[in-house]
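Trainee: The structure's right below; bear with me while I get my questions together.
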Amino acid sequence: MGSDAAAAVTLPEWASTPCIMGIDEAGRGPVLGPMVYGCLYCARSYEKTLSTLNFADSKTLKEEKREELFESLKADQSIGWAVDVIDPRELSAKMLRKHKINLNEISHDSASGLVKRVLNMGVLLAEVYVDTVGDPEKYRVKLSERFPSIKFVVAKKADSLYPVVSGASIAAKVTRDRALREWVLDETYKDIGRKFGSGYPGDPDTKAWLEQHKHRVFGFPSLVRFSWGTCNSYFKDGVEVLWEADRDEEDIGSSNGKRQLKLSNFGVTTSKKKKEEEVESSGKGRCKFFETRQLEQLADF
């Protein structure tokens, strides 16, 4: 009983008995692709059987084994599962906004969202086991305050301690791997490559891909998490940003009216590169980022 079909499926009888659920994530560290939170739930009475299904921390399993276990849990009518796929653009937007939302908070909200989703389906959740993000006790208290009727167990390495979390780990990892493998790049210009590796900053394929696909003004394709510190080293020669809206805002609050806010190391052109970049920013097709995003220069708004 997966997340996509759950709303249309009649709940099995076991869902109205006390149930347990595990929550884990995949893709917290990579600079490419989505972060995925997954959950697996079943009747408490099924817990002993669950421990015989050979679920394990997904990071300790080969891809073929993870795929095999994922297919088996999907076919098991005594198990339910769901995933939350968080787009890299959403991660970057939240982490780079003026009032930043850090990765821990994004993670906590995703886990809470899965609990709420399963409860709203009518599943009688009694216990939830969570692989921690941040301090385990603070996280447990936070979840308990949101869902006082549920007993929460939050622990480090929960994916290797509790089979129900191991199963959630597999659902999350396989979903992320498939998402990355099948990712439809918004930027479809002919020279873009798909050999981007695992997405982890230390992966040679990932590093080579980032180097090949950086742009001095627009940064990276939307597959990349711009908010990751990993990106900074690729833009030592990037164009400095002077955002007009931020400049105007600073002018209003500045005593001398001359202060300008620099948001990042690439974006709108500076005078040094003005002539060169004006050609690209004209919207006439010289810049592939304008072409692929179908951006045009507008005189009136």
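Note: Cβ is positioned from N, Cα and C throughout, glycine not excepted.
Annotation comment: TrEMBL describes D24, E25, D131 as divalent metal cation binding site. The domain 'RNase H type-2' annotation in TrEMBL covers 18-240.
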Trainee: Give me the count of other Cβ atoms within 10 A of the Cβ belonging to D24 (divalent metal cation binding site).
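Mentor: Neighbour count, Cβ to Cβ under the 10 Å cut-off: 28.
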Trainee: Quick check on the binding-site residues E25, D131: which one has the highest count of other Cβ atoms within 10 Å of its Cβ?
Mentor: D131
Trainee: Apart from D24, E25, D131, which residues in this chain have a Cβ no more than 8 Å from the mean position of the Cβ atoms of those residues at the divalent metal cation site?
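Mentor: For the divalent metal cation site the neighbour list reads I23, A26, Y37, G38, V130, V133, A158, D159, V165, A168, S169, A172.
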Trainee: Given the model, what does the mean pLDDT over the domain 'RNase H type-2' (18-240) come out as?
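Mentor: Its mean pLDDT is 90.
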